[in-house]
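Engineer: First the structure, which I've put down as structure tokens, then a few questions once you've had a look.
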Amino acid sequence: YKFWSYIQEAECAYTLFVVAIFWLTEALPLSVTALLPGLMFPLFGIMASKNVASAYFKDFHLLLIGVICLATSIEKWNLHKRIALRMVMMVGVNPAWLTLGFMSSTAFLSMWLSNTSTAAMVMPIVEAVAQQIISAEAEVEATQMTHFSGSTNHGLEIDEGVETNERKEKTIPVPGYSNDAGKISRKTELEKNSGTGTKYRTERDHMMCKLMCLCIAYSSTIGGLTTITGTSTNLIFAEHFNTRYPDCHCINFGSWFMLSFPAAIIILLLSWIWLHWLFLGFNFKEMFKCGKTKTAKQKACAEVIKQEYQKLGPMRYQEIVTLVLFTVMALLWFSRDPGFVSGWSALFPEYPGFATDSTVALLIGILFFLIPAKRLTKTTPTGEIVAFDYSPLITWKEFQSFMPWDIAILVGGGFALADGCEESGLSKWIGNKLSPLGSLPVWLIILISSLLVTSITEVASNPATITLLLPILSPLAEAIQVNPLYILIPSTLCTSFAFLLPVANPPNAIVFSYGHLKVIDMVKAGLGVNIVGVAVVMLGMSTWIGAIFDLSTYPSWAPTISNETMP
């Protein structure tokens, strides 16, 4: 019996190794690699085919479907643009505050939309603003030179539609960007200056473009930390944790928001300060100086944002309905089981744990297919216009175009791997071998695991990284008798800290495609943001996160691994 058990552990370990290598090297598409457990586990006798297949569709997938319904409607009716532009208009036109405004609006949108869609949507707006600032500065200098030479200054007129001899426009596709007008965004590129050999009027203009690009890339990732639905890694963790520890009932939308929101806010603010200091310097006196007259470039920037907002027109019925459903979904998520008070799930005491966040997501998601967006009319032979049908807020074809089926399969493969590790006994074996780490301080174990995850996620996809490491980190926590949340939460958060390379994260690739950045720029900026992120997570684990979940003791809902339980 022991010999057969060791064979199964080795076969499961071999499967895990093959999947890990394929995920890291992307020799096959990630979702195709995720199907390998469904093939290899039945052949090795680890799990029956029907049991492996059931692991590929979990409660996570229903939650994802509901969230994508919301995201589809938000992007279809341009509610995301209205929110982003409105938030930026509220902060003013000072360059520092403008950057913070873009970061805040991008982070907020990323809480509910994918970070890829958020970055692709906001970047064209940011690019237009940046180029308008550069153009305004050039015209100001030209006006001042004319005035200095004795000519009459007739004032400064800024026309976004006029192309000067210092710039030209070209159109490039931006991956993942879509709206009603199509999947194309406009990129304005300055012609090379024969005197300096660069495509920017001054070095400061170049630094400003770098700053605004990186702010969008990083804030779209940071914003996703705050909600379970904000990024796929959070969803994968929640499903893995609730499946492995069904008696905990401590991870839901509300509890995750309480632990991650303060961390995201601190990381966002520190990243803003770090990036602004790195590229433009940080003058606190200039930032907080009140009553200062706006410069020409600040007026130009404000005008661009105002014009972009006016293009949207008044708020339409479809946007209002989407906003209402969006608000209702968020409220139902928060109030289902907040923890400090009884939520609406207590109304069904005979069915404890039956209603989850996915129940809410499906309820609201179905409404998007039922609520009419507009009436369909036809003209009768008598000339009368009559309504014969209606078009819903979203159609199934539109939903399919947004649904990330590759992520759904990838996550399913991770669940299958986790089940296989349990069935074969590999999880217990790993936990037993890692138990000597219990002699190390807990904070050092968390730091090592966080740095390991942060390093791997730079060269592997975030979902693949967390899917691969969760079945390993959970037995580690059980083996050293540490609350699993103590290790799994920081590791999950750090999986999103893929800031160093353009290929590490889709938002990084999107902003890099605009041509303002070099790889070394992202490495220097991303290294600082990575350090900030890991430091804030470590701080949170010893303060508010530890207080929320009582991480100082080993919980009763977690199993105990001992040598006697080993085969």
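Here the Cβ of each residue, glycine as well, is placed from N, Cα and C on the backbone.
A quick note: this is a predicted structure, and the numbers were derived from the prediction, not measured.
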Engineer: Kindly point out the range from 91-113, 114-136, 390-412 that TrEMBL annotates with transmembrane segment.
Structural biologist: 91-113
Engineer: Is the transmembrane segment (12-40) packed against any residues at least 6 beyond its ends, judged by a Cβ distance under 8 Å, and which are they?
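Structural biologist: Those are 46, 49, 52-53, 56, 405-407, 409-414, 416-417, 420-421, 423-424, 426, 456, 459-461, 463-464, 468, 471, in sequence order.
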Engineer: Mind checking which residues reach the transmembrane segment (485-504)? Cβ under 8 Å, same chain, six or more beyond either end.
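Structural biologist: Contacts with the transmembrane segment (485-504): 217-218, 221-222, 224-225, 231, 233-234, 237, 241, 250, 259-260, 263, 442, 445-446, 449-451, 453-454, 457-459, 462, 465-466, 469-470, 473-474, 476-477, 512, 517, 519, 522-523, 525-527, 529-530, 533-534, 537-538, 541, 545, 549, 551.
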